[in-house]
Amino acid sequence: MHQAITSAQIAHWFTVGAQFANIRITNEAKKAEAEDNATEVRSDKAFSELSSPEKEKSDDGNQRRKRAQLPTGPGTSPPSLASYEYPILPITKNRQELVSLIENNSVVIIRGATGSGKTTQLPQFILDHYAERNIPCNLVVTQPRKIGATSIARWVARERKCTLGSLVGYQVGLEKMATEHTKLIYVTTGVLLQKLVSSKTLTEYSHIFIDEVHERSEELDFLLLVVRKLLRSNSRYVKVILMSATINCIEFAEYFGSPIRNQMNPAYVFEVEGAPYAVEEYYLDELKTMLPVGVNLDLTLPQDPYITEEMYNVAVSLIQSFDEMEAKDHRRSEQTGSTTHPERGSVLVFLPGLAEIQYMKEALSKLVRKRLQVYPLHSTVTLEEQNGVFLVPVPGYRKIILSTNIAESSVTVPDVKYVIDFCLVRQLACDKETNYRCLRITWASKTSCNQRRGRAGRVSKGFCYRLVTRHFWENEIPNFSIPEMLRSPLASTLLKVKLLDMGDPRSVLSTALTPPILGDIERTVLQLKQIGALSVQSNSQRQFDGDLTFLGRVLAQLPVDLQLGKLIVLGHVFGCLEECLIIAASLSLKSFFAMPSLQQLAGYRSKLSFAQNVPSDFIAYVNAFKAWYTSRAKGELRHPKDELEWGKENCIQIKRIREVAELFEDLKKRVSRFNMHISSSSNPTDYTSLHKQRFILQVVIAGALFPNYFSQGEIDEQLASKELSGNDPKTTILIRNLPPFAFLCYKQLQSLFRQCGQVKSIAFDGSRAYVEFHRSCVRESGVLHEVLLALLRSRHTPALHLQVHHADEVEFHAKGKPIAHLRYTRVNVDVQSHTVSPVGVLSSSVNPEKLPTSRDFVINITEVIDVGHFWGFQTDENSVEKQCQLTAALNMRDLRPLSVSLYPNLLCVAPFKDGQQMAKYYRAKVLHILGSNVEVFFVDFGNTTVVPSSSLRELPSDLMTPAFQAQEFCIARMAPSAQSLILGDRWSSRARNRFKTLTSGRSAIVSLFSILHGVMRVDLHISTETGDVSVADLLVQEGHACHTPESFESQQSHEVLISLYEDMASGRFTPSFASGSLNSRMEEDKQLINQLLLHFCSSGSSAPKCKAVVHGPSSPHKVNFHSMSKVSNFRSVNIERDSINCVMVNENPQDWHERMLVAASVSLSASGSRILLKETSLMPHIHGLPSLVTMLFTPVMELRTNEDRTCFTGALCGLGWNSVSQEAVLPEHDIEIAFDVKFEIEDITEINALRGTVNRLVCDGPNGLLNLSQEKISSLQEEARERLIRLFIKTPSRPECTPVYHDKFKKWNLVDRSQQMEIQEKDDGKSKGVLFQLHPITLLNM
């Protein structure tokens, strides 16, 4: 069993009370060890005199101390400094020397091994030094990660026996445990950086300790730059201490050098030597006796770093050898008289990424007898899985931790004895061509590998095994990693540079420790202009600089990605601030949706459920967060146990959603400083307002994520229909590569998809199978979630396996009967009734006997499912007579109660009462079981009702065979309009009410267009005072619907029906009856199939001995996406598997209009060949929406026209062009759109008007947002919302047009200035730093 961790153990992890070997503190110069490959600076007495400034005068010192004094609140007193006994650590011996060095030098650099006491003890030395002299001080210590800052602060507070937040505290992001009396505070690097950029001085602190400086993150390097600048300008008396276990001392010392006697003198360097326990190092060529036979030591090459299968085997063999090593050590200890039991030391394996962790975990799982407990440690694993790392293993078991570089410094596991290091790391880099981020495997630096080595030897002697040769280590492994500032986007840093206001970005960043490449700075400036944080037209007229806009000032104060910050601001403009704050908080932290490795489908299903039929991860986050927040507010989750249970049921990680809630509150406070507040009326409750708000939110999301736009790829309908053999893509998936006699294992196929949903039928055809899922609700019409779950399964499990009997074995048991023709015969399996039937060669999807006698016939509409979708029955004399006979036959019988338990799709007899008449019984099917009641569907009429379960009766067997009289109908060539899609879930409430008013409970005339998947697609006509009216035309005229083409399969069916009815009318139609011999052959085949099933599926038969690998599931209607910008040309687009849209099925491939997907995160694969999208939203399929959204949110736009300039054909959107070079400013992000609907000058004018309204809510100056009243803000928000809705809902709708791309594709400045009308806002100088410039309009020849 897992054992709990005590507080004493946790304390023990930081400073183990053990003796240290070979401890030496020195200030004498000496050469570094060969393995470190770095020269260390150790200063002698003369160097010390040069490095130390002259002694300050007493009055100067008093001024410094006064500036550092903390404010005190009224009625409170600062906590006392308890006497403290320092633990025996390497750094303790020279306490006074260190204090003296720090007090006499502006900057001191300290290097010491992990566990030497730098972080925990040195700040306390200074704290006690000042306390003894009764001099105020204020110390801040930075840590690169939250977990480090919080845990160290807790440990120091506990050691000093003070309350956390009094004398000692911490601040990590939004979480702060400190008061005005706190004298020692641990913070993350970003927290201190934000404070310094805002205050532009260091004087809030007396001492600044910057820890782990070797990591060289972008934030850390910029912090060093800011500290250095301020130290030399207005904060000369503040002391700065840089600390690390592995640091290039010379580089840092020279960077912080100070001018003394007309020369630059490097900062003072002090080294602490010593480690808790010795750690022995071994390289691959020193492990020959422990390696598997045949391992090639020259496998790893610097040009292509990766892990081969052989190297995985080496690591596994090493782990197995530890038992023998420990047994030898135990025997030696017994000979010396020790009686301790051998303990199996924990193993920490460093791997570059999650894929490698999973591979290694799979390899270790084969060692079933080795008693291993394997824990993955990666940023994506759930918190529950992470906690297992710190648990004490079960006695007799060995703990194996498979970790990325997160365990280098963020997480310390104390009982690690062995470290296995592949010397690889997956580093975030910025692609030079696209500027997208990508994670690439590369060789870790020596400094990182030495940090990893330090993870062992905390409680006993340690061992480090580097899986490279010593020669490779010495000659190929780099000494230091490339600073993040040289390989990552610089957007956040550049905004802080602009806030510092100390010069243009290029000149400021040129003073960094390792200055970024000039081209990277220039590119980032352009991207800030693109996002709207810098003005597109700078007053300085410099292309690579710009004035900070109001949006830029807001973004610089928000601890979120810049696009998420823009989302918050746009959310305020359009009245959906609360939702945007939730999204920004959710996407800034680890996802609170649990996707555990063993329950991926359950997590995906939960996310789909929260999305509420909207294909958007953002909507799922909003709905899940609100569901949790509302439940807590109502007191439903008052007890932690109830909350955890709710989280488990909904696949929500409670701890993480709480963190999102904290960040949500923090962001809400931050934006309130800019006069942005959540409106009390921003939570609509009625159906129309709810969907209107949802649409506005989707547009706002798209606006914030410009230019991360992707369009849905087209599907060849004809090929897709052929591949799916005419089955419904909304309910069916395809399995390939099936073995002979595959119908014998249909139950295995069914069980493979049991987690996805209820399988209705399986159709075998050759080596393929078509698995159809059951539609549990007659009111559903879209792609089933079951289909999406099955397709997702194929992403997690690439290959499916079936246990099958060999074909020869099957034929042998046929006892001489010829069955070779059954190997790949067409077979249909009804899973519900477990009937297996062969399919005839002449089988057709259209049965003439079941067709109406004429294409035009009268029906009675009994149940409206949705607009244009309803159930009814024919009212001709023959049909009515059949219904009467069935009803009479049922109600004359003595019907028996049901003898079986209720289940969905059970055929039965149910009562129905029409008006005042007595209830009668009718044939019915169970839909849903609702406690003691049940919802039933009357199969001869098409309506549904809820009746008591006890009222159901058994359907007599002889009355099961007559065909059901009810028929499902859909109106052909009609789809929802933009108005319906925006104001409802496909259809608005007004459209639904109008359709019900027109059709419910009345007779109507229908004209049969086609029959598709059992549904009659018809033209519906009703009688009015003015005559017969087409319902579709009426709904189109009223703006509820639009005309749309039918699918390829529907068109095919239409042609078949037209031909069939023409033949019937002319007397040429001849019914095709199968011959007696064919019917006999079919019956024989059915008997043979049943005999084979009876033999091979019975419990007494031998188990299958063969394993068949089948391919799938798949769907030819699965959607692919491609980038709308130039940056992703010739790269495939992949959506991350945790996204709702990672598998999408196009249910309307006949609609050729462009559909847009937006993504919050766009990155490159390691190879650079694929674009990876994370957190996506598929926009509603409104014709012209991609063009409208792009034109609305692009910084600059140039309209395209036809040759005669009589109409607009498209637009080029992006950052515009350089007036000198005439080239595009940021060509890789330009988007060329070709209009598929007709846009007029009035539409462009409306876009400009909306951009102007946005500007009035996102600007500085006397008329800026900070100076507006809440009434004025609400008025402008309502104006923006109404303009937005009016832009997308145009009556009459914009006519279709064929897209025409410009012959000078993505070329700017093609419009003559004389043919262009420049649009200028009325600027009285009271609005500054606006977000958008207005688009010029190209004049047309009318």
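Yeah, the Cβs are placed from backbone N, Cα and C, and that goes for glycine too.
Note on Swiss-Prot: of 211-214, 459-462, 823-826, the range annotated with the feature motif 'DEAH box' is 211-214. Taking DSSP states H, G and I as helix and E and B as strand, the domain 'Tudor' (901-962) has 6 helix, 29 strand, 27 coil.
Residue counts of the motif 'DEAH box' (211-214) by helix, strand and coil are 2 helix, 0 strand, 2 coil (DSSP-based). Annotated ATP site GLY112, ALA113, THR114, GLY115, SER116, GLY117, LYS118, THR119; additional same-chain residues within 8 Å of its Cβ mean position, judged by their own Cβ, are LEU89, PRO90, ILE91, ALA245, VAL272. Of the listed binding-site residues, namely THR114, SER116, THR119, the sparsest Cβ surroundings within 10 Å are found at THR114. ALA113 (ATP binding site) carries neither a helix nor a strand DSSP state and counts as coil. Averaged over the motif 'DEAH box' (211-214), the predicted model reaches a pLDDT of 89.
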